[in-house]
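After the structure tokens below, expect a handful of questions from me.
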Amino acid sequence: MSEAAQTLDGWYCLHDFRSIDWSAWKTLTSDEREAAIREFLSLVEKWQETEDKQEGSHAIYTIVGQKADIMFMILRPTIEELNEIETALNKTKLAEFLVPAYSYVSVVELSNYLASGDEDPYQIPEVRRRLYPILPKTKHVCFYPMDKRRQGNDNWYMLSMEERRNLMRAHGLTGRKYAGKVTQIITGSVGLDDFEWGVTLFSDDALQFKKLVYEMRFDEVSARYGEFGSFFVGNRLTVEKVPVFLHV
């Protein structure tokens, strides 16, 4: 039997995608819409207070295309906190006009196809920064879920640890070419959601998503073993832009 890779696990993660019922939103009076926006921004302010204390993080992006209109990405120490945040959002007036489109539950993950050592990895500052990240404030985001193939001779889980380590090392070298252009956060979701991993890419240049994903398709680990779900691409929505975005 092949050896399972050990993982380092950090904050729990929720990607919450919503579509907006614009027709229903327009039926409110201007005062009602403004009150709903203020209530929502008050909730986001609480999220920001948590982030300022480095006890979690969040990002809000508008989504391009018809899969969704808005994405909330939330990081918290426990899965209960994610549930509480989702419930608090659902209790707002604005949520009456937010239609669930897609969601993804996972946990920030570093796999150790890493070198082993005597030091506790959870005490290494760089490892902690990656397991408990403050989300980048880039202009654009790209999220997609993925699996490793388990078909015929292309069964990732039948490969030896050394084979998997070598394939992932080559894959990582491709990713390093985009250092400074794209920031990647990998979240593990085996047993938590329908795919095995979620990949969230952040960049100030959306074209870099295409370039990175395309180049990685030629890595053997992706060409032979990668299977992908839907891609969601969006633009950052700051608190200052929320009233403009929701103006009708």
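In case you wondered, yes, glycine gets a Cβ from its N, Cα and C as well.
Sharing the feature lines straight out of Swiss-Prot:
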- R130, Y144, P145, M146, D147, K148, H171, Q184, S222: Fe-coproporphyrin III binding site (BINDING)
- Y144: active site (ACT_SITE)
Calculate the distance in Å between the alpha carbons (Cα) of R130 (Fe-coproporphyrin III binding site) and Y144 (active site), and round it to a whole number.
19
Please give me the CB contact count at 10 A for Y144 (active site), counting all chains in the structure.
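Result for Y144 (active site): 19 neighbouring Cβ atoms inside 10 Å.
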Return the residues near P145 (Fe-coproporphyrin III binding site) by Cβ distance under 8 Å, restricted to its own chain and a separation of at least 6 in sequence.
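The answer is Y104, S189, D193, D194, F195, E196, W197, G198, V199, F228, G229, S230.
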Reduce the DSSP letter at Y144 (active site) to three states and note it down.
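Once the DSSP labels are grouped into three classes, Y144 (active site) ends up as strand.
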Determine, to the nearest whole angstrom, how far the Cα atom of S222 (Fe-coproporphyrin III binding site) is from the Cα atom of Y144 (active site).
14
Listed Fe-coproporphyrin III-binding residues R130, Y144, P145, M146, D147, K148, H171, Q184, S222 - what's their greatest C-alpha to C-alpha distance in Å?
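Site span for Fe-coproporphyrin III, by Cα atoms: 23 Å.
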